[in-house]
């Protein structure tokens, strides 16, 4: 029980260290700046897409009201009137103007994707058609899914089971938790679809729930702060809603990125422990998988390593690929896998150690046991190396710095 508690503390410590190392606050500020220019275009595109479907007429107003009512603190009510005016004016734009709005929205989505790829250590971002199709799907199918969800919720609310004064308590509770469910679904979809890598659905769901709960808590605390400390109203007067809205957007992006870090690091089984496995041992384990696959004429992919007992995070897998490809030990094949392109019978361990960016581990860094056939020989060699090192360099430092003069 105590070990599990210590592991949990280590995990959250590592998570926040990664968040700061990935410049989460700086990325949240950049996304806030980008989103500031994309709020009106995205809301306008939602109206435009929903207006294409006759059954969704008028749902855009419901979506806008729902967003400001449940996802923005009460201080955003004044700003909502301004945005509604801007959106009404933008809805009368020509198709050329709508195209400009769409480009603005696409730029924000590209910024989000770049930030997520940085968190997931993705080496190859989407390019060309695949990137355009993803962003187009979000901008076109997203409003339709929102409209369908709101039409369904409106229908459920109209049922006597919910709207009747004697409605079931469970039905009323469902309506109360709907914002949390919508937030969880939105965050989960964001974490699954945007990074250019395979994200386990259960990890994305846990991260989505974490971000949604944190989002609701932050909304309540933010509203409480605005009510108890009305400093912004005293300084900015009628314009107080603008800096408050910017601050809220910044906090929201911080939560989104922190949830992304959680999703990314849920698969990092070893990285957050205080005594992680030395990276050189991981490299030898990966090379053994490549060597075995070469004997059977098979290419290696990341799931093959997981089946062999090496569940590497994407960042570690990418580091291994970078080094092995740079040393011309592996090469990529047409189907996306990797194969050895060098005869390991003609490549010594000494050559690997001299070129590896990861140092030879000390004995106290080795695990007590490791299910690898090469591990006992490596431990024995390190023990012998340590004894020889102690014999060679065991003399006092004073004698090394000022050796005795040799007799004539």
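Glycine residues also receive a Cβ, built from the backbone N, Cα and C atoms like all the rest.
When the ranges 8-28, 71-91, 92-112 are checked against Swiss-Prot, the one recorded as transmembrane segment is 92-112. Your range for transmembrane segment, going by Swiss-Prot and the list 174-194, 279-299, is 174-194. Range 33-53 is the one annotated as transmembrane segment, of 33-53, 306-326 (source: Swiss-Prot). The feature transmembrane segment, as given by Swiss-Prot for the ranges 238-258, 343-363, sits at 238-258.
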